[in-house]
Amino acid sequence: MYRVKEIFYTLQGEGSHAGRPSVFCRFTSCNLWTGWEKDRHRAICKFCDTDFVGTDGPGGGRFRTAADLAAAVAKTWRGQPHPRSRPYVVCTGGEPLLQLDTEAVDALHAEGFEVAIETNGTQHAPGGIDWICVSPKAGTELVLTSGQDLKLVYPQAGVEPELFEGLDFDRFLLQPMDSEDLVANTKAAIEYCLEHPQWQLSVQTHKTLGIR
Ligand SMILES: C[S@@+](CC[C@H](N)C(=O)[O-])C[C@H]1O[C@@H](n2cnc3c(N)ncnc32)[C@H](O)[C@@H]1O
Ligand SMILES: Nc1nc2[nH]cc(C(=O)O)c2c(=O)[nH]1
Ligand code: SF4
Ligand SMILES: [Mg+2]
């Protein structure tokens with residue numbers, strides 16, 4: 001059984017695939033916050049910008065089998081077939097690696113999808129995922145230390161970018177923390193990238209574009 005908050009079609013807003021048409025499959029629940037506002041002050045991850053509680057969002061629900069889940073994702077894709085583009089699904093949450101298993105990855109592949117995830121990196125990943133974006137969180141142990149994007153929300157006291165520079169990722173990105181300090185955080189992230197050019201800026205473009 002897979003519990004999913006919502007499944008929707010939009011452009012990837014962040015990271016090195018920003019702009020890419022994607023189905024987002026947002027899994028319910030996270031190991032670093034209950035998702036309830038009343039608990040935010042005592043969560044391990046306190047700055048989350050996402051509602052991942054329940055299964056009541058558009059396209060959300062409980063899917064009994066991996067094939068059911070993959071069929072729901074496939075139904076949400078509306079790109080026209082083209083030899084140079086493969087349907088693309090971004091598994092996120094909440095924390096997708098609490099639920100995404102080999103069966104689900106295989107079922108998504110069987111529906112013709114390239115499979116991406118956005119994860120906090122505290123759980124191991126099943127094999128076969130095509131693109132892994134890890135976003136480390138202060139106060140956690142990082143167990144997923146390789147992938148494509150290492151996308152650090154910046155600034156976070158206790159997890160300075162230097163800690164991750166040696167890991168096995170293709171790209172290292174700083175994403176300004178969205179909060180009342182977004183303007184200052186963006187300025188600080190830009191300055192850090194300019195001084196340390198192995199890092200590049202990741203802007204949450206969907207928020208300024210007014211899309212999901
Ligand atoms: C909602 S999380 C879900 C996936 C996974 N739990 C994780 O944290 O990577 C999706 C992405 O949004 C980022 N994010 C969450 N809250 C944010 C905020 N306030 N400002 C900037 N990025 C944020 C996360 O770091 C992660 O890269
Ligand atoms: N457009 C868009 N891009 C995103 N990239 C990562 C997201 C997420 O919440 O994981 C996200 C999201 O929620 N919307
Ligand atoms: S780990 Fe991800 S989903 Fe969980 S609270 Fe933090 S940003 Fe939100
Ligand atoms: Mg988001």
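If you go along the chain as it appears here, the first residue is 1 and each next one adds 1.
Glycine too: its Cβ is placed from the backbone N, Cα and C atoms.
TrEMBL labels come from automatic prediction, so no person has curated them.
Per TrEMBL, the features are:
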type	residues	note
BINDING	Leu11, Gln12, Gly13, Arg26, Thr92	substrate binding site
BINDING	Cys30, Cys45, Cys48	[4Fe-4S] cluster binding site
BINDING	Phe47, Cys48, Asp49, Gly94, Ser135, Pro136, Lys137, Gln175, Pro176, Met177, Asp178	S-adenosyl-L-methionine binding site
BINDING	Thr50	Mg(2+) binding site
DOMAIN	17-212	domain 'Radical SAM core'
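The two recorded residues, Cys45 ([4Fe-4S] cluster binding site) and Lys137 (S-adenosyl-L-methionine binding site), have Cα atoms 7 Å apart. The separation of Arg26 (substrate binding site) from Thr50 (Mg(2+) binding site), Cα to Cα, is 10 Å.
For Asp49 (S-adenosyl-L-methionine binding site) paired with Arg26 (substrate binding site), the C-alpha to C-alpha distance reads 13 Å. Put simply, Thr92 is the one of the binding-site residues Leu11, Gln12, Gly13, Phe47, Thr92 whose Cα lies nearest to the Cα of Cys30 ([4Fe-4S] cluster binding site). The binding-site residues recorded for this entry are Phe47, Cys48, Lys137, Pro176, Asp178, and the Cα of Cys48 lies nearest to that of Arg26 (substrate binding site).
Within the same chain, residues at least 6 positions away in sequence whose Cβ sits under 8 Å from that of Leu11 (substrate binding site) are Ala18, Gly19, Arg20, Pro21, Ser22, Thr205, His206, Leu209, Ile211. Taken over all pairs of the listed S-adenosyl-L-methionine-binding residues (Phe47, Cys48, Asp49, Gly94, Ser135, Pro136, Lys137, Gln175, Pro176, Met177, Asp178), the Cα spread reaches a maximum of 19 Å, rounded to the nearest whole number. Taking the mean position of the Cβ atoms of Cys30, Cys45, Cys48 as the [4Fe-4S] cluster site, the remaining residues of that chain whose Cβ falls within 8 Å of it are Leu32, Trp33, Gly35, Ala43, Ile44, Lys46, Phe47, Thr50, Phe52, Gly94, Glu95, Asn120, Lys137. Within 10 Å of Ser135 (S-adenosyl-L-methionine binding site), as judged by C-alpha distances, no binding-site residues are found among Gln12, Gly13, Cys48, Thr92.
Proximity to ligand 4 (Cβ under 6 Å from any of its atoms) holds for these binding-site residues out of Thr50, Ser135, Asp178: Thr50. Checked against Lys137 (S-adenosyl-L-methionine binding site) by C-alpha proximity, the binding-site residues Gln12, Gly13, Cys48, Thr92 yield Cys48 as the nearest. Mean pLDDT for the domain 'Radical SAM core' (17-212) in this predicted model: 98. Non-local neighbourhood of Gln12 (substrate binding site): Ala18, Gly19, Arg20, Pro21, Ser22, Tyr88, Val90, each in the same chain, at least six residues away, with C-beta under 8 Å from its C-beta. Shown in sequence order, Thr10, Glu14, Ser22, Phe24, Val90, Glu118, His206, Arg212 are the same-chain residues outside Leu11, Gln12, Gly13, Arg26, Thr92 whose Cβ sits within 8 Å of the Cβ centre of the substrate site.
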